[in-house]
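Peer 1: The domain 'CBS' feature in TrEMBL is assigned to B:135-198, B:199-256. Look at TrEMBL and you will find B:281-301, B:307-337, B:358-377, B:389-417, B:438-458 tagged as transmembrane segment.
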Number of protein chains: 2
Amino acid sequence: MQNKNYPKEILSIIRSNSAPAELREKLLNYHENDLADALTALTPEERQKLYPILGIEYVAEIFSYFDDAEPYLKELPSKEAAKVISNMDSDDAVDALDDLEEEDKRKIVSHLDEDSAEDVRMLLSYDEDEIGSSMTTNYICIRKGMTIRQAMKELVRQAGENDNISILYVVDESGRFYGAIDLKDLIIARSEDSLEKLIVRSYPYVTDHEKISACIDQIVDYAERSLPVLNSDKELIGIITASDVVELVDNELGDDYAKLGGLTGEEDLNEGVWDSVRKRFPWLIALLFLGMLVSSVVGMFESVVAVLPIVICFQSLVLDMAGNVGTQSLAVTIRVLMDENLTGTKKLRLLFKEMRVGLINGALLAVLTLVSLGIYIHFFKGYDWGQAFLLSGCVGISLIVAMIISSLVGTVIPIFFHKIHIDPAVASGPLITTVNDLVAVVTYYGLAMIFLIDVFHLA
Amino acid sequence: MQNKNYPKEILSIIRSNSAPAELREKLLNYHENDLADALTALTPEERQKLYPILGIEYVAEIFSYFDDAEPYLKELPSKEAAKVISNMDSDDAVDALDDLEEEDKRKIVSHLDEDSAEDVRMLLSYDEDEIGSSMTTNYICIRKGMTIRQAMKELVRQAGENDNISILYVVDESGRFYGAIDLKDLIIARSEDSLEKLIVRSYPYVTDHEKISACIDQIVDYAERSLPVLNSDKELIGIITASDVVELVDNELGDDYAKLGGLTGEEDLNEGVWDSVRKRFPWLIALLFLGMLVSSVVGMFESVVAVLPIVICFQSLVLDMAGNVGTQSLAVTIRVLMDENLTGTKKLRLLFKEMRVGLINGALLAVLTLVSLGIYIHFFKGYDWGQAFLLSGCVGISLIVAMIISSLVGTVIPIFFHKIHIDPAVASGPLITTVNDLVAVVTYYGLAMIFLIDVFHLA
């Protein structure tokens, strides 16, 4: 972005000793996000001087752009901080409050104005993974039965306080959701038209207790500037804006990504070492103990290795390939499972498809392995051609078997966890690795024992 | 979502034999996305009958919600299809055209009206990873120097054709970007106010040739309903809407996710088996040959295994742990690298942090391993306590060394690929696995050879 220098410009304007009115005028020409960036570079005293000049509403908007509002809220007396929070969009207010420690949060909430306190309490009453926790109460709401002129007047009145004006929400006499009007349609309508005609009655909506992960795909599909959130009585209680959707998608996908990478949550550069340790350790310890299980199974084949040590050369090859195929299937399955409407037939189809992909990839790789390993063993390990191809054939067959089973395991395990309502992205990784290792080890050493040693007496 | 039944409702309305005017009236009460869903369930003949009733503009909106518009565009004569495309937002038009085969695309483009053809050509001129390819040309644009009343009139005039009205973009006499006006501010302004005062002059913007991956984070930070796209002459040529941002974030993260899972691109349920094979095979074949490299290194330790077969039991344990730690570091590093403004100092800090995390996790696991493996080896493998702890100590030390080095490798390799402008998410996986396997094998068998066999004569 070319405009990285905006925060720098802002800094020099703030430090230019302009008269307050002029300063304010100049600063209003910047985006709140750039102002937030600039504010972080000021001293606390400079910030304190600036706030009254900007005015509480503008300060509140800027505060909603802080990644972590805590240090800036703590600089203010609780009453002032409460005023800032009261002027924020309700979801931003809750985000900012969540940055604080319990004690500070309680203090500020006690000073919130009545409306904001109610909104904040409502949003905090939802679980983090429910739609209700991410909605905002800043929207334009009109009663059905108005004329176009009345609706326009109401819009102008409410627009002063509410940012999200692209869609006007219509409720009936008892506050139940009645429909939505595209602001564009209202603007181009003639004042003698009927408002009722502009209302889209069967407008899509989400309900407050819906799980975000369960409906995020559909929300994205609607590609709307906002969607209404209804409670179980079909009353309109908030909206989800497009910016909220960006955040939700970012969180959902970022979470899946982190879990696939073996982290329990997303990390960033500024995270402390111990936080990172805490996020990564659970997965590692699960793997350690499951790995010991694999070790004891490998131990059963000690006798094979004792008489035919060359087989250990290719253990890591078979295990790595099985592991990778399993991860590929897992990655695909987790994304597919995000669609809550997946039927049993579709899951079976996925399973069958993964198996075929595993078979095809396994067969292709097996042929490659047979040829190249055979040549390698003959020339570098001094076995004759027949023995070399017996060995490489054993690796090749293990690869096919291990890859088919790994594809299956990488699909079945996440489907199973999903079924019993355990997050498949977290639980599947270590289990799949272990099962795949076990399958690969048993297949590989089993084949070596039976074919190479018992049948062909290669030892 | 409770409203999954909307498409069903729509279907029964369409098939209810209502008069055209009544039918249209009823259908206008649904969201275009639900209508698109319903349309896919109709027969081609039913669709053909429906289009004239809905009208071209509405049909175009519905078409932009199809996941794959090809079958529906192909049903229409090229001239009709061109009319539909002409009425779409420019970015949706390009998406729909991209669904078609070259020949059909060419035919339809030749029938586009002049304005649309120009917009489509412009968008197609950008690389897929450039901002310009994702922008839309549907926005409200006014000249500087207007009065509030004139601006309002212009808004009403342009709103008929343009969906994205939340922000009005202002250009100067020569078409250069001058600033932006929040529609809300315009609506609540008094007609005697000056328009100039409403214009945010230093509004954030992106440029058309910017790489999406390089600026997506910043775009998300602004959380705006739309951002202007400028060319190198600072002329306004399009906008990026919040829905575009959702799509971009989804693509960027989905891509990283897929690559971390060892796929070359995102897959979905409907993808053919051979497409999946093609997406997964490249990674597997790279791993196969790198795995053979590891095999030949393991081969150098055949003598160790021949005299002390128990060591093979724990090879998979050490390798798996090293692999997992490497993947964790890789996952974190790739996300951190998305920030293009990362300085060398920050990269060093990341490296240092990853090393410490590796050390701490490694040390914790090593202690656990030492104790539990020692007990296991004593009781199940029949070694005396001293020998058992020598063996488990060897595994423990290998774990620490392997995990520190894996953390390093998992950080350095993606940073290196990023430096030489190769996508780190694609290239890093196989290489990191291989390097980590090599390090783990050499450490583990090396320690076993030196300590267990040469020093303590455990064989």
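Just so it is clear, glycine is given a Cβ too, placed from its N, Cα and C backbone atoms.
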Peer 1: Please check if the transmembrane segment (B:281-301) comes into contact with the transmembrane segment (B:438-458), where contact means 3 or more CB pairs closer than 8 Å and the residues in each pair are separated by 6 or more positions.
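Peer 2: Answer yes: the transmembrane segment (B:281-301) meets the transmembrane segment (B:438-458) with 3 or more Cβ pairs below 8 Å.
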Peer 1: Residue list, the transmembrane segment (B:307-337) vs rest of chain: Cβ under 8 Å, 6 or more residues beyond ends.
Peer 2: 256, 260, 350, 354, 357-358, 361-362, 365, 369, 373, 377, 381, 383, 391, 394-395, 398-399, 402-403, 405-411, 413-415, 418, 424-425, 428-429, 432-433, 436-437, 439-441, 443-445, 448, 452-453, 458-459
Peer 1: Mean pLDDT for the domain 'CBS' (B:199-256), as a whole number?
Peer 2: 91
Peer 1: Just to be sure I understand, if DSSP states are collapsed into helix, strand and coil, how many residues of the domain 'CBS' (B:199-256) fall in each?
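Peer 2: When I sort the residues of the domain 'CBS' (B:199-256) into the three classes, I find 26 helix, 17 strand, 15 coil.
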Peer 1: Mind tallying the domain 'CBS' (B:135-198) by DSSP state, helix then strand then coil?
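Peer 2: Taking the domain 'CBS' (B:135-198) as a whole: 22 helix, 17 strand, 25 coil.
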